[in-house]
Amino acid sequence: MGAPSLPRAWQLYLKEHRVSTFKNWPFVNGCSCTPERMAEAGFIHCPTENEPDLAQCFFCFKELEGWEPDDNPIEEHKKHSSGCAFLSVKKQFEELTLSEFLKLDKERAKNKIAKETNSKQKEFEETAAKVRQAMEQLAALE
């Protein structure tokens, strides 16, 4: 029987797992935003067809794209998401006590819920606007 594996969300606390997401990352050599430095700053690579350099913090879920070779990932992260608790962690994942880890992961879970809630709210508002417009068009026919 092999060693138990961590849930995917917890695997992302390990830098090497974050680095492994940077397949086809455009900035590899002679750049400030290499996969290693991006991972150190908490980012994972989640490219889309229109945003091949899209990176997201696994902890605060802030998405950034439009990276330039000289961008400093930690500074960009601080600039766009200064309240991210991951930026203030001074220990490696393996060095955290269970209590420290659970407290940290509770913050990550709160961030995830907030991002998902905001996304659903935006989706609801867009649908409501379309329905409202359709109702107004029907009312105009009367």
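Every residue gets a Cβ built from N, Cα and C, even glycine.
Values in this document were obtained by computation on a predicted structure and should not be read as measured data.
Listed in Swiss-Prot:
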type	residues	note
REPEAT	18-88	repeat 'BIR'
MOD_RES	SER20	phosphoserine
MOD_RES	LYS23	N6-acetyllysine
MOD_RES	THR34	phosphothreonine
MOD_RES	THR48	phosphothreonine
BINDING	CYS57, CYS60, HIS77, CYS84	Zn(2+) binding site
MOD_RES	LYS90	N6-acetyllysine
MOD_RES	LYS110	N6-acetyllysine
MOD_RES	LYS112	N6-acetyllysine
MOD_RES	LYS115	N6-acetyllysine
MOD_RES	THR117	phosphothreonine
SITE	GLU126	site 'Interaction with FBXL7'
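Each of the binding-site residues CYS57, CYS84 was scored by the number of other CB atoms within 10 Å of its CB, and the largest score is that of CYS57. In sequence order, ALA41, GLY42, PHE43, PHE59, PHE61, LYS62, HIS80, SER81, PHE86, LEU87 are the same-chain residues whose CB sits within 8 A of the CB centroid of CYS57, CYS60, HIS77, CYS84, the residues recorded for Zn(2+) being left out. Most buried of the modified residues SER20, THR34, THR48, THR117, judged by other Cβ atoms within 10 Å, is THR34.
A count of other CB atoms within 10 A of each Cβ picks out LYS115 as the most crowded of the modified residues LYS90, LYS115.
Across the structure, LYS90 (N6-acetyllysine) and THR48 (phosphothreonine) are spaced 32 Å apart at their Cα atoms.
On the backbone, the CA of THR48 (phosphothreonine) and the CA of HIS77 (Zn(2+) binding site) stand 20 Å apart. The Cβ of LYS112 (N6-acetyllysine) lies under 8 Å from the Cβ of PHE61, each of these being in the same chain and 6 or more residues away along the sequence. Sorting the repeat 'BIR' (18-88) by DSSP state (H, G, I as helix; E, B as strand; all else coil) yields 20 helix, 8 strand, 43 coil. Fewest Cβ neighbours within 10 Å among the recorded positions HIS77, LYS110: that distinction goes to LYS110.
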